């Protein structure tokens, strides 16, 4: 089976590449060159028939991922499908099913069947439920069976925590972290390694893993098991040692034509973000960087979508290629529909703010909004806003008598005042 990367290396411009080139207004040569060298990826499993392809990486708009899925405390697949609909409504490019309870294949199959967004999973979450074994009873090859079934079902990318091998685990043990390992998949693998006194199965059998990905053109999202879960732990030896391991695994995947993106922090002080983005790009030779936040403070409980959006904007401006959304429910509970909506909007704002910095052409929509404000064209403003529905609702809640202003400024609307005076008209505030 040939992958998007293999095709690009051969100079073959696939249907998926054509769609991405049109969406991003990029040339054929630019896209082929950067997919071939791994700086751009197009996650597109051959079995995901409903996919509307998107690219992630160098020279492209920053993409946004939405996490959803059930847990043992909240098993309501119908609500999770409503979250999918909400993600589609806002034009989200990626959705990850992080279900970690019970038999998840039916929901995953439905997700692949209906979603035009690329679908990601974390197979290790599904291991206990799929295999019907407790963690200690699972053997190394069992984990690969789960990966195979996820790949066959049509998921476009998988988070695989292959970098927390025995070397990285040794460095972690020597670190003095406040929050240890906060990655769910990473903590499960570390626990398995310790209980079995064995190497990480995804690292030990990495070539077998690559064979599975090659068969279905699954993109590897190399997970950061040792990402910092607190600002205190950011940029420490454990995090960086794993990143070095991921850089080596990236090259091995590229050698056989498998697309890769790298997952990143996490929690991180705002002044460390740019250096971390540059470090990933340097070590991993430009592989796309997919970050969770980063959250720039640890005390924003209930408002972590704001902490994440602040960090996400800086990360995107500094080179991050995809942002994983953070909701107000982060660290507290499974998010509800309103949490998901707020997380989506906050993260889309962060992604766009970053794009204005690194892709000047992305300012055009902002200029249109400014023009609409100057012209006091409310309908156009609602249309251009990231969440125009909420903008219109808020405007109408205190709708002004004179539509040449809003209820904030009334007759003292600066836009209206200047429009009148520059046309040579008198301004009356009475």
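Cβ atoms here come from the backbone N, Cα and C positions, even for glycine.
The feature substrate binding site is assigned by Swiss-Prot to 67, 96, 125, 161, 183, 184, 185, 224, 225, 226, 227, 263, 290. The Zn(2+) binding site annotation in Swiss-Prot covers 267, 331 and is backed by sequence analysis. Annotation comment: Swiss-Prot describes 406, 409, 413 as [4Fe-4S] cluster binding site, evidence class sequence analysis.
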Could you state the CA-to-CA distance between residue 67 (substrate binding site) and residue 413 ([4Fe-4S] cluster binding site) to the nearest Å? 41
Sort the binding-site residues 125, 183, 290 by C-alpha distance from residue 331 (Zn(2+) binding site) and give me just the closest. 183
Measuring CB to CB from residue 183 (substrate binding site), give everything in the same chain under 8 Å that is also at least six residues away in sequence. 161, 223, 224, 225, 226, 227
So if I measure Cβ to Cβ from residue 406 ([4Fe-4S] cluster binding site) and keep only same-chain residues at least 6 apart in sequence, which ones fall under 8 Å? 395, 398, 400, 413
Can you see whether DSSP assigns residue 406 ([4Fe-4S] cluster binding site) to helix, strand or coil? coil
Cα distance (Å, whole number) from residue 267 (Zn(2+) binding site) to residue 409 ([4Fe-4S] cluster binding site): 39
Could you work out which of the binding-site residues (225, 409, 413) has its C-beta surrounded by the smallest number of other C-beta atoms within 10 A? 409
